[in-house]
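As recorded in TrEMBL, the features of this protein are as follows:
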{"type": "TRANSMEM", "residues": "29-57", "note": "transmembrane segment"}
{"type": "DOMAIN", "residues": "48-338", "note": "domain 'G-protein coupled receptors family 1 profile'"}
{"type": "TRANSMEM", "residues": "69-89", "note": "transmembrane segment"}
{"type": "TRANSMEM", "residues": "109-128", "note": "transmembrane segment"}
{"type": "TRANSMEM", "residues": "149-171", "note": "transmembrane segment"}
{"type": "TRANSMEM", "residues": "191-218", "note": "transmembrane segment"}
{"type": "TRANSMEM", "residues": "285-306", "note": "transmembrane segment"}
{"type": "TRANSMEM", "residues": "318-341", "note": "transmembrane segment"}
């Protein structure tokens with residue numbers, strides 16, 4: 001989320017680049033391998049998230065409140081792959097920022113904004129899944145209220161910008177000087193540990209605890225419903241009473257009423273069973289979300305705070321670089337992790353990637369009639 005070629009203190013007390021000309025340090029074959037890996041990551045991030053965005057254009061049935069949050073996540077991750085990573089690659093390979101100070105600030109604002117928006121979108125998706133399980137009736141009543149979803153999406157972008165944007169733009173003006181050398185690009189507050197700790201509380205720690213809480217609440221809700229037989233006990237008692245009343249009633253009308261009631265109860269139990277099964281899938285997907293989110297973000301967040309506290313002297317630059325790329329790896333995982341958990345997205349992807357098969361399928365169905 002920030003330039004990894006930060007400065008380290010040398011023995012004379014001056015600041016020198018942690019990475020000089022990478023081409024002079026790394027052998028050629030390793031440089032080529034790194035370039036291929038970086039470009040591959042860009043392709044995966046851009047293609048995967050572009051597929052999610054295209055799915056919304058192609059399939060109108062996807063345009064529900066919950067799916068709009070997936071779209072918002074895909075947009076932020078797509079821009080990470082289309083802008084942030086490509087701009088960073090030459091800086092990473094050469095160790096020199098050659099695009100000027102103005103573009104450096106633009107890149108930093110975009111990078112912090114997009115990565116933070118991605119995190120907030122994950123929280124929003126998790127909260128939406130939490131409501132769909134624990135407050136199912138109210139959630140279904142509001143499921144198609146896209147205006148409310150759009151307002152939440154806009155709030156994500158505004159809050160993501162406010163967290164780091166003003167600090168990146170105005171820190172130098174407030175402090176009165178810049179600590180960033182001419183050919184480096186990182187935030188002015190990079191070594192201000194108390195600011196980073198405060199920002200990380202909102203950017204990582206609070207979102208991680210929130211997503212974990214939503215996941216635990218869903219698990220407990222499903223466990224309670226499974227233990228109670230999916231609320232089927234109440235239906236069974238009613239069913240027995242209806243059958244008893246029908247047996248002693250001489251009237252056919254009551255018999256028909258019993259049959260109708262029995263079929264309704266069976267259908268209700270079936271719906272509750274399918275709803276419980278769906279909620280279990282949601283719980284599993286959220287558990288994966290918590291794990292991957294933690295793996296991708298925790299190392300970077302912790303090293304960033306520790307590194308700032310010791311002015312870069314206690315954390316090796318290579319470890320920081322690895323954790324830095326883990327953040328962007330999360331943007332490559334998201335389009336596969338979230339939408340592919342939903343059959344509606346899989347159908348839309350199939351429609352985009354295999355249009356011929358989709359056009360043949362209706363003809364086969366028509367001939368069968």
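Each Cβ is built from the backbone N, Cα and C atoms, and glycine gets one as well.
Curation does not apply to TrEMBL; its annotations are automatic.
Since the structure is predicted, the reported quantities are computational estimates derived from the model, not experimental observations.
This prediction places the mean pLDDT of the domain 'G-protein coupled receptors family 1 profile' (48-338) at 83. Take the transmembrane segment (191-218) and the stretches 29-57, 149-171, 285-306, 318-341: counting Cβ pairs under 8 Å, 285-306 has the most. When Cβ-Cβ distances below 8 Å are used as the criterion, the transmembrane segment (285-306) is approached by residues 1, 119, 122, 125-126, 129, 193, 196-197, 200, 203-205, 207-208, 211-212, 214-215, 218-219, 314-315, 319-320, 322-324, 326-327, 329-330, 333, 337-338, 341 of the same chain, each at least six residues removed from its ends.
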